[in-house]
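What follows is one structure encoded as structure tokens, with my remarks underneath.
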Amino acid sequence: MSLASSSSSSPFTSSVPSSSSHAHVLSAYGWDGGWEAEFAAYADQGLVPGRVVRVDRGQCDVVTADGVVRADTAFVTPHDPLRVICTGDWAAVETVGTPRYVRAYLPRRTAFVRSTSSTRSEGQILAANVDHAIIAVPLAVELDLGRIERFLALAWESGAQPLVVLTKADLVPDPVGLSYLVQDVETAAPGVQVLPVSATGGEGVDVLAAVVSGGTSVLLGTSGAGKSTLANALLGEEVMAVQATRDVDGKGRHTTTTRNLLVLPGGGVLIDTPGLRGVGLWDAEAGVGQVFSEIEALAEDCRFHDCAHLAEPGCAVLAAIEDGSLPQRRLDSYRKLLRENQRIVAKTDARLRSEILKDWKRKSAAGRAALEAKRGGRNR
Ligand SMILES: Nc1nc2c(ncn2[C@@H]2O[C@H](COP(=O)(O)OP(=O)(O)OP(=O)(O)O)[C@@H](O)[C@H]2O)c(=O)[nH]1
Ligand SMILES: [Mg+2]
Ligand SMILES: [Zn+2]
């Protein structure tokens, strides 16, 4: 320990919340020099940093250097649902007041977004600042590769590294059968680790613990997939409530109802989320491309650069289907997700356009009214 450095610090600095005091506590939650630098302007305003560990109805729990603060989110709940504060965000919180308000949050490094429903296309942010997107797929029900591909597209699009965890592996006691299931999922997930785990038997949990020990991870998947059970296994204690589901159709009640951020004993941060019945794509063209990277690589060898892989001569994609190296299901799924993505983007654009038009009409109506009032005034 250097006496020189400790004596050089002014005694007056202790009255100002020094960056290193909160950095020490918050580093377990992922705080780093980058966040510190981004936060400087808020620190100057007397605000303190904290990570959002839960959001519900107008309030959120933020972990700060002084512990968990319940704060009001009125200032960070704008009309645009993608800009609403979310679990995983780094918040700038007031130090005084009842209630204390979150005044802002730092620009997100990554964000997992889905569209909420097909009827009203609206984006919903599920987790912010995540490094690993863990897709939990239960082996208790038949594999739905299309749904895995859809989750993966959103995961790639989020900026996080996806990982597929095949849960409840103890329900497939035959190792050969299990390896076939893993292979099936691997064909739907190029560049993604596919890991069978059993929270009850413990298989694979240590491998998963190593992955999630760095950075922030989010558990995503259908209700009853075993996300919270896995979270508890990683935590080493029963923190999240778990409830039996009807495994035949996976349509149990939603046990987890809020997104919760938890610090893991072996390092790393985990966000457990409520089950999702389905995930709609949300402007995820690049993500779709990454899920089907082998098709996009093949397409580079098609004779025509705008080949639609339908019946064109010299089509490398169709040739791969012909020789059996590319399953037809993959091409069909690729087409389906690209089409769905285009529909969502077009719908969103259309809505934006109509909002702009409405705004313009309102403004021009106000302008005309003002002009008429002026003219009326002149004529009188
Ligand atoms: N056999 C077996 N059952 C498991 C395993 N993991 C979870 N389960 C069971 O699956 C059911 C659902 O588990 P949860 O962890 O609550 O599922 P969840 O994904 O968190 O569900 P939601 O919170 O509703 O999204 C419970 O009955 C668990 O006991 C496992 O590894 N093996
Ligand atoms: Mg749960
Ligand atoms: Zn082609």
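Using the three backbone atoms N, Cα and C, a Cβ is placed for every residue, glycine included.
The region 'Disordered' feature in TrEMBL is assigned to 1-20.
Under the heading domain 'CP-type G', TrEMBL lists 120-279.
The domain 'EngC GTPase' annotation in TrEMBL covers 128-277. Mean predicted confidence for the domain 'EngC GTPase' (128-277): the pLDDT average there is 92.
Summarising the environment of A169 (GTP binding site), the number of other Cβ atoms within 10 Å of its Cβ, over all protein chains shown, is 24. Annotated GTP binding site per TrEMBL: T167, K168, A169, D170, G221, T222, S223, G224, A225, G226, K227, S228, T229, in sequence order.
The feature Zn(2+) binding site is assigned by TrEMBL to C302, C307, H309, C315. Using a 10 Å radius centred on the Cβ of H309 (Zn(2+) binding site) and all shown protein chains, the other Cβ atoms total 21.
Of the binding-site residues T167, S223, T167 has the largest number of other Cβ atoms within 10 Å of its own Cβ. Distance from the CA of S223 (GTP binding site) to the CA of C302 (Zn(2+) binding site) is 41 Å. Among the binding-site residues S223, A225, K227, T229, C315, residues whose Cβ is positioned under 6 Å from ligand 3 are identified as C315. Residues K227, taken from the binding-site residues A225, K227, T229, are distinguished by a CB atom under 6 angstroms from ligand 2. By neighbour count, meaning other C-beta atoms within 10 Å, the densest spot among the binding-site residues G221, A225, K227, C302, C315 is K227.
Most Cβ neighbours within 10 Å, among the binding-site residues T229, C307: T229 holds that distinction in the structure as shown.
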